[in-house]
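Noted in TrEMBL for the protein shown:
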REPEAT    47-88  repeat 'WD'
REPEAT    89-130  repeat 'WD'
REPEAT    131-164  repeat 'WD'
REPEAT    200-241  repeat 'WD'
REPEAT    244-285  repeat 'WD'
DOMAIN    340-584  domain 'COPA/B second beta-propeller'
DOMAIN    815-1218  domain 'Coatomer alpha subunit C-terminal'
REGION    868-900  region 'Disordered'
Amino acid sequence: MLTKFETKSNRVKGLSFHSKRPWILASLHSGVVQLWDYRMGTLIDRFDEHDGPVRGVHFHKSQPLFVSGGDDYKIKVWNYKLHRCLFTLLGHLDYIRTVQFHHENPWIVSASDDHTIRIWNWQSRTCISVLTGHNHYVMCASFHPKEDLVVSASLDQTVRVWDIAALRKKTVSPADDIMRLSQMNTDFFGGVDAVVKYVLEGHDRGVNWASFHPTLPLIVSGADDRQVKIWRMNDTKAWEVDTLRGHMNNVSSVLFHSRQDIIVSNSEDKSIRVWDATKRTGLQTFRREHDRFWILAAHPEINLLAAGHDSGMIVFKLERERPAFSLSGDSLFYVKDRFLRAFEYSTQKDTQLIPIRRPGSNTLNQGPRTLSYSPTENAVLVCSDIDGGSYELYVVPKDSYGRSDTVQEAKRGIGGSAVFVARNRFAVLEKSSNQVLVKNLKNEIVKKSPLPIATDAVFYAGTGNLLCRAEDKVVIFDLQQRIVLGDLQTSFVRYVVWSQDMESVALLSKHSIIIADKKLLHRCTLHETIRVKSGAWDDHGVFIYTTLTHIKYCLPNGDTGIIKTLDIPVYITKIYGNTIFCLDRDGKNRPIIIDSTEYIFKLSLLRKRYDQVMSMIKNSELCGQAMIAYLQQKGFPQVALYFVKDERTRFNLALESGNIEKALESAKKIDEKDHWYRLGVEALRQGNTGIVEYAYQRTKNFERLSFHYLITGNLDKLSKMMKIAEVKNDVMGQFHDALYLGDVRERIKILENAGHLPLAYITASVHGLHDITEHLAGELGDNVPSLPEGRKASLLIPPSPALCAGDWPLLMVSKGIFEGGLDDTGSGAHEDYEEAADADWGEALDIGEVDSIQNGDISMVLEDEHLHEENEEEGGWDLEDLDLPPDADTPKNTQNARSSMFVAPTPGMPVSQIWVQRSSLAAEHAAAGNFDTAMRLLSRQLGIKNFSPLKSLFIDLHMGSQTYLRAFTSAPVISVAVERGWSESASPNVRGPPALVFNFSQLEEKLKVGYKATTAGKFSEALKHFLAILHTIPLIVVETRGEVNEVKEFITVVKEYVLGLQMELKRRELKDNPIRQQELAAYFTHCSLQIPHKRLALQNAMTVCFKAQNLSTAAHFARQLLETNPSNENQARTARQVLQAAERNMRDATQLNYDFRNPFVMCGATYVPIYRGQKYVTCPYCSTHFVPAQQGQICNVCDLAVVGSDASGLLCSPSQIR
């Protein structure tokens, strides 16, 4: 007997299996009905409305119902989904022994101690028939599984078979009144719908049980005379066939097994007996120590039985259903129906090889248990449990595939288990002496080898090796050297599965799997609540296994997951790609197609095969909360981002992975206050001031916004915030903004408007604003407040911000494979928010409009004055509706500063001195505080003489390379040098170069801002940015030669913009000189600009010349503009129209100092062309050209170096010195 599940409880009197789910109902002598999941071993529910023992219980085949009958004379119908009793059927006058649903009709049959059997309609909730005739307690009654028959057993020593065909024909409600009258009489005399067909007499005592055979016309009964009788019936009569004797006490229950030709009975003699139904002999007996058996139940679909006894119940199987099989190359050898068969995977052809002797003994569970195959000799070892363990050796003739039907004489032997260990050698376990006998194919012993542990089974473990299993451990034993190669503590191992390369092994226990390597070094253990059935390795090193209900996978690190749900248990034999081949319990080979995407993805992630991961993300439909949770748990939230469509989840994942741009995208789509707030918090943590500002704007959080502008030193916007507060009538906000700005007059005005004249008076007098003081004193009259005497007033000045250079410098991290490869947002993501912020923020509004805005955009920011001034001053680009493409070709990198750490100072030479001695880089001298040598170096290297633009940069460098520690009050502050590229592993005695606050990536950011301002036509602002870059470059330090070249290219790019913008701004000033205006517009087109800016400059020059009737020159610019393939249709159209107009009259109205056919460079001071062949001098730093008259002057472009002076060249990297 194979016990699958056991419970401890009160005496079990009734049992019923659910037809589909792994559930069993047990009705107890205590009055409780229990619902168990026998697969998981858990109690699902209990129902306790009966008063007294419940003797009968039964599940409905398809509805969520069961019925119970008890000693309280009640039949109750329950709905297990609703967890309650639906109704009670009353009518029996004594204990109810059994209840059963009909398999088709809405009927229940019940047997009672009132000598009757009743049939009920559970839909109309009425009794439709009473079967009377027994003259003692009716112990059981049940419907025939197919025909209109009922069988009943009674203590009057008879078994009766009733014909209920008339009941089926009759409708559920009677047809007429006469029938209705007769219905009343049925309660007393029994109806005509059910008639006795046979009365089976033969038992000498009361009969406890009778049941039909599922298919044959047989009945089996058990009685208090300790006998089991088999009866046969035909259409006219029934007769006794045989009697089975062996029970020592009353037989409680008996039934035919649905799958095998056997009868199972149990009895108050504490035993379950199994009988052969054809030979009518006893096969096996299972006994319990102290518990009498009362009831048996068989599962309607699968090979399971259950028996109820005095202290609970057991669910069991009589025989193992796992087919014995062995794998060899492309073939599977297995035993089915007494034949050895072979299945080829490639052709999926199944062949019968040879018949195998079926054991002739009279016991169960004697079928083949394991199979071992030797491919070279074509020999098969079949092991079974006969005689306590034995084996048979068959050699399959080569020509016998599918032919041989003669039973081959096998070589036999006794042994716990037998496996091939070499081509023509197999090992047999001799348990009695705990040794292994190695035999040849003639079944002769070649060698004996004692085993290192008390072994109860052996498995193959590679040629010449055995895996020996004990109760709590396994070892690998080398038969040649007789040494243990590895051991491992395990729970009881049932099956062993080796990978194809024999590098990994899976040890399968009942509820766990241990994965180890070939030396039994433990890798991982998994636990399953449901029994583990089989497993195999796939090509990727993933272990695929089955439980009773699922196919699952296990990755090398122990992560598991479900691949597929199973309807019936299967045994995996081999895995080819996405196809799993398995045997079911009927011995059929079944290919199952699975989706391996999930575990291949996780495996790639585990093995860091990110290329595969990326292609799978792009091409497959991986999704679901489980996958997202897995990626989060494994530390890949940035990857999870690419699976998620739900914006809220995306937002959370983006914040978790610190991906501000993605979080911003999602926040825009969600557009809720809470999400903007969280985005602001994360952006502030990262120091991304642009997004912090944007988030605060979206939530209209003016207080935070004002404070944000204060700490970032953005006083322009802070003053705008003050105007907004004034418009919104937010006096407190306005006052705070005035305080932040240090604007005393504004504060006094606010206090005066709010009616706080004494406060206004004190503020004015403390700050010495006597004109206001007098005016306020006049208004206050006699109430002028007096100032406290002897107190010294201190001036409140807003602190200067720690960092004004935009976003905080971040650690330089290499972009992850995922950010680079998976970003589908393209390159425009970063500009997107800036434009959005600008667009939202920079809308010009009249103050009058603001009052009418209730919940509008935050575009209340009053840029109107500022914009008007700017536009009057510069007039933008003077172009209409220009749609420039985003600056896709500008370099994109966020600020990357190297990590800076503190190093405790050591006595000796000051660090600044070491820095100066070791370096020839001006930036490092400035950082060390040695401004004098820094200036000398810059003068020598770049010819710089005007250092006033560099003063603040020198100070920043020096401050940034030092930090200060306060020790204790009486001691001075300790200054600590901050080194570049410091690491813990570095020697404390070796000094690194100073940390610098300026780096190359900051310049790239500034360049982008300059480009953007140029595009927007804000030339003064753009010029400021470009000049700042030119002033910072001499103080930049980079590491590699490649970066040095980039810095030099940068100077050239920026210099062209500075020169061009200076000429354009000059042109704007010349209102009354149209000729010079045309010349400067023409020269601007010769600066090396980005394509979008080049187009704008060309369009500008074309427009200016066309208006001045210089049509030939205008046509030249139009042609050049069209050559750039403008993406804006308006630009192209205008250029074509200009060309058409010029072709009709190709002449210039005025002569310009401009010949586009002759190559020239521009003079940076006089803005005149220096044609090829003419003399010129250059700036040693920015290499701008000048006419010779400018020799010795400060360069107008960079405002640093002396034109024409000697200089050795830019030195900005240690690699240039080596």
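Residue positions begin at 1 at the first shown residue.
Quick reminder: no glycine exception, Cβ is built from N, Cα and C everywhere.
Per-residue pLDDT, averaged across the repeat 'WD' (89-130), gives 94. Among residues of the same chain six or more beyond the repeat 'WD' (200-241), those with a C-beta under 8 A of the stretch's C-beta atoms are 136-137, 139-140, 142, 144-146, 149, 151-161, 247-256, 258, 263, 265, 267, 269, 275, 277, 280. Packing against the repeat 'WD' (89-130) from elsewhere in the chain are residues 14, 55-61, 65, 67-71, 73-77, 136-143, 145, 150, 152, 154, 162, 164, 167-168, 172-173, 186-187, 190-191, 193-194: each is 6 or more residues past its ends and has a CB under 8 Å from a CB in it. According to DSSP, the repeat 'WD' (200-241) comprises 0 helix, 25 strand, 17 coil. Same-chain residues lying 6 or more positions outside the repeat 'WD' (244-285) and placing a CB less than 8 Å from one of its CB atoms are 1, 205, 208-214, 218, 220-224, 226-230, 291-296, 298-300, 303, 305, 307, 309, 318-319, 362-364. Tertiary neighbourhood of the repeat 'WD' (47-88): same-chain residues 13-19, 23, 25-33, 35, 94-101, 103, 108, 110-112, 120, 122, 125, 300, selected by CB-CB distance under 8 Å and a gap of 6+ residues from either end.
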